[in-house]
Ligand SMILES: Nc1nc(=O)c2c([nH]1)NC[C@@H]1CN(c3ccc(C(=O)N[C@@H](CCC(=O)O)C(=O)O)cc3)C=[N+]21
């Protein structure tokens, strides 16, 4: 029976620190602000947007939502980003993924000022991450939150076999860099990986960000492994479930994250923390 990683409790600890930092900055006349741009109504994005807005308000962070219809043009989004880049009350800009098909997400992320790029997706920030630079720059919130969980639960990384399922720029790629920088042996798997189960059974740490409900169950896991479930799938019953069959996997894993209550709350907490980081860096360097 695995130890269950309590993402809610760890997120609460981080949020408490964040609200104290906000109060301190307020005394210096600095009021951290985040803008979320969303086009269309992807369900995971809507859950995220709602939770994020509630949390920001609770921590004293100004939060503005810029909602656009699914058929918004790329130029309209670029104009919005330009405005937010120049807006002194905004420290952090996040454009919800996935973007509609008429939008080239690479052009959008290139347009976000690197100093306000709270998702860490601008090539300048991603490049710093891959170069393992030790300066201040934003890192994708879900990967940063996962690293924090691994650290908190004393999961050894050096020399360990890590398998990441999912190659997205928001999760898989930044995680690859973070874990590689931590001297882990990282394998990136995806949709086209042959014999996925054989590979996942070699993982000391298995990170699943595939967007496929219950892709992974006990038979795919090495006994005692750490299993991190990044999936967030809304079933037709309304229930939220991950990419891992938690009930079977928890019997075989050593450490495991639940959905909900695992990676999700950590993503939000890290987003808030990093919004305050950006405000601090922008005003104090
Ligand atoms: N640019 C961008 N950055 C993102 O980080 C990003 C994104 N786009 N698009 C959508 C996905 C999805 N995502 C979630 C984060 C937290 C919860 C979350 O709070 N989950 C709670 C449960 C929520 C509930 O039950 O309503 C939990 O797992 O416990 C959900 C989803 C961030 N994403």
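Cβ atoms are placed via backbone N, Cα and C, with glycine included.
Here is what TrEMBL says about this protein:
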type    : residues           : note
BINDING : 166, 167, 168, 232 : NADP(+) binding site
DOMAIN  : 5-119              : domain 'Tetrahydrofolate dehydrogenase/cyclohydrolase catalytic'
DOMAIN  : 140-280            : domain 'Tetrahydrofolate dehydrogenase/cyclohydrolase NAD(P)-binding'
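Long-range neighbours of residue 168 (NADP(+) binding site) (same chain, six or more residues apart, CB within less than 8 Å of its CB): 97, 209. Counting every protein chain shown, the number of other Cβ atoms lying within 10 Å of the Cβ of residue 167 (NADP(+) binding site) is 17. Mapped onto DSSP helix, strand and coil, the domain 'Tetrahydrofolate dehydrogenase/cyclohydrolase catalytic' (5-119) counts 61 helix, 19 strand, 35 coil. For ligand 1, the nearby binding-site residues are 232; that is, of 166, 167, 168, 232, these have a C-beta under 6 Å from one of its atoms. Within the set 166, 167, 168, 232 that the record links to NADP(+), no two Cα atoms are more than 16 Å apart, and one pair reaches that distance. Sorting each residue of the domain 'Tetrahydrofolate dehydrogenase/cyclohydrolase NAD(P)-binding' (140-280) by its DSSP state yields 52 helix, 26 strand, 63 coil. Averaged across the domain 'Tetrahydrofolate dehydrogenase/cyclohydrolase catalytic' (5-119), pLDDT for the predicted model comes to 95. Listed in sequence order, 44, 47, 240, 242, 259, 264 are the same-chain residues at least 6 apart in sequence whose CB falls under 8 Å from the CB of residue 232 (NADP(+) binding site).
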